[in-house]
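Let me begin by presenting the structure, written as structure tokens, before commenting on it.
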Amino acid sequence: MINSRQNYLNAKRFSADLALEHIIPHNVCFYLIPPIVDLTIDEFEKLALERLKMLRLLEQVTAKNPKVSSEAWREAVLAEVNHEGLRTYAKLARGNLNDDASKAARRRDYLSHFILRFAYCRSEELRRWFVAREMELFRLKFGALSMRDVKDFLEVYELDYKPLSDEEKLDISEHLCASTYNHTRLKMETTDFYAVHFTEVLNLVRDRKCFLKAGVAYITPEHFTHVIGKKHQQLIEDGLKGHLRLLPTLEIDERFAMLLKSIHTSYTGKNYTVAKTGSVPVESLDQLSKKSFALCMRNVHDTLRATHHLKHVGRMQYTLFLKAIGVTMEDALRFWREELTRGKVPIEKFEKEYAYAIRHNYGKEGSRINYSPFSCMKVITTPIGPGETHGCPFKNLDASTLKMKLTGYGLSAIDADEVAGYAAKGHYQIACGKYFEVVHETKLEEGINHPNQYFELSQLTMEGKERPRQGHAAAGNQSARWNSQPNSQSTQDGGPVGDSSTLNGADDDLELWEIMESKEKEADADGTMLAVPVVESLSKKVSPKQTKAAQEWEDDDFDMLEFNE
């Protein structure tokens, strides 16, 4: 009976995967039909985090290279993709191959897109971000297609476009040369041109960047990408609206509801739960904060030194950061005792209440969880109330206050304006990376995703060492230096997806928050405590395991007119 049931489940999985293969026969796809497959919650989470990491990578590269050519942008993206070990998307960006590895990559791409639709359909801001990033991913994949691949794509989706024949090109060759920038006659002869209705490229018609005849515009492959991109964008936007209507039904399952709500703020980088070998003495914090602390941590440190006080979320954020850079629990207790008792906290109150919370942060009290420090997304999305100084200064400070703080920290007015400019556009992590470059007088080769990553990069930069690349041989050494939690997530496809502690509740233990809320009786506390939900363990299975082939792979607004430039 057991064998019969297992055979049935295996056959069901096989038929579902076979059906999925038929609806995604091309590396570039329109996400038209929602897949019906069985996934475990663990698979569901891994696919979501892998795609989220890719979309964030695209956002950072695009923000850093807003005016570069398409080819330069593409090279920058692929360099980061290889650096991060994202094999799925590296495969999809190499044209349209039909080997087993490409088919497995298509499957992951297709499933993860629909998973993130549910996570990003719930608000206008999330939808806008998701569409912009998905269009950048489309641009990356479509730009790798050969002329044959493009023809296959058009046939698969029955799109009524086809390149001009040699005879048609010859008849209007003079007009094509005159209307096409930087195209020699030789290049024109070896390039496909497409005929589209002029209403599909009004911006090109307006700027006289195409040949127009009898209501038909003749465009290059680069501009044709944008024509297909518009259709793709509309399909995604319509799909998000449909997913929004389905969301209440899916969220009946509390596990999925909590998972979907937390995906956007989840951390997808290296785990910084435990510090590297060796300790950082608290006496060195003042000096370290001037250069090796990200602005968020420098802000709370300076506030603590000036006022001898931080509210509960600020203390938690800063304590976990200090733990991860190498401050021992004994030194942390001494540091906080000296600071807080200089303010209004009696020594008896500190020993009874505050010391317990510090030991709890270090995993020595209560549920004894080794808590993860706050990632950039956690810092950015954590609300701040009156009198609180935690959170991301690039988000929470107005432009003039931010510039004043930056110039006070030694930045020139020009550099402060540039950093604040990124922050004003909502690129808070890009602003942090630029701040790093100015302070360290160096070029940053990777984006900032975590305050402890900032600290590590700073120390390596000042020591003149190169940061080991993840996803290669150095990844093993990194894992040895930074002891990850048992429940931290990683893929088996060549690189870590990242710490999913935001999803599994490891760094948001309700017990700790309740202790801090109930014991703290600050006179100036006039708001409610931030209530962070505990997510149920995601290890519970909801379907049979993946097939062997799939297991091997376990191993600012998007403006189409701007896209045309």
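We count from 1, first residue shown onward.
Glycine is no exception: its Cβ is also placed from the backbone N, Cα and C atoms.
Note that TrEMBL annotation is computational and uncurated.
Taken straight from TrEMBL:
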{"type": "BINDING", "residues": "C296, C376, C392, C432", "note": "[4Fe-4S] cluster binding site"}
{"type": "COMPBIAS", "residues": "476-504", "note": "compositional bias 'Polar residues'"}
{"type": "DOMAIN", "residues": "286-455", "note": "domain 'DNA primase large subunit C-terminal'"}
{"type": "REGION", "residues": "464-505", "note": "region 'Disordered'"}
Message: An 8 Å radius from the center of the C296, C376, C392, C432 Cβ atoms defines the neighbourhood of the [4Fe-4S] cluster site; name the other residues of that chain inside it, in order.
response: A294, L295, V379, I380, P393, F394, K395, Y428, Q429, I448, P451
Field: For C296 ([4Fe-4S] cluster binding site), the number of other Cβ atoms found within 10 Å of its own Cβ
entry: 27
- prompt: Across the domain 'DNA primase large subunit C-terminal' (286-455), what does the pLDDT come to on average, as a whole number?
  reply: 90
- prompt: If you draw a 10 Å sphere on the Cβ of C432 ([4Fe-4S] cluster binding site), how many other Cβ atoms land inside?
  reply: 28
